[in-house]
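Here TrEMBL flags 38-73 as domain 'EF-hand'. Taken from TrEMBL, the feature Ca(2+) binding site covers ASP51, ASP53, SER55, PHE57, GLU62, ASP90, ASP92, ASP94, LYS96.
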Amino acid sequence: MVMTDLLKPEEIKKALDAFSAETFDPKKFFEMVGMKAMSAENVKKVFQVLDVDGSGFIEEEELKFVLKGFSKDGRDLTDAETKAFITAADKDGDGKIGIDGEKRKTSHILLPGKE
């Protein structure tokens, strides 16, 4: 599965363009690509695309390349952006982002700050 099976290519491009030179804001980015309105099942599918090694977690090294998961033209996150993202999304402090089936928790993980 590729990201464009789940999200509109034009929304992905618009969001990537918005953060090409600007500091990455995960919550704003995921809202721009349409994930805020997605079902828990589809958010989980997006998570699985981003979980490159299939471990069930998005580790810091995978997170650095998260924008490339949306498009090969996506840029790498800076070390500071990666650290800020992991801090916002890692709720149990293990240094990686996990997912479960509950919509609230799933959305919270991929949309930091959303309750």
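Heads up, the Cβ atoms here are built off N, Cα and C, so glycines get one too.
In the shown protein chains, 8 other C-beta atoms lie within 10 A of the C-beta of ASP92 (Ca(2+) binding site).
Averaged across the domain 'EF-hand' (38-73), the predicted model reaches a pLDDT of 92. Neighbours of ASP51 (Ca(2+) binding site), defined as other CB atoms within 10 A of its CB across all chains, total 19.
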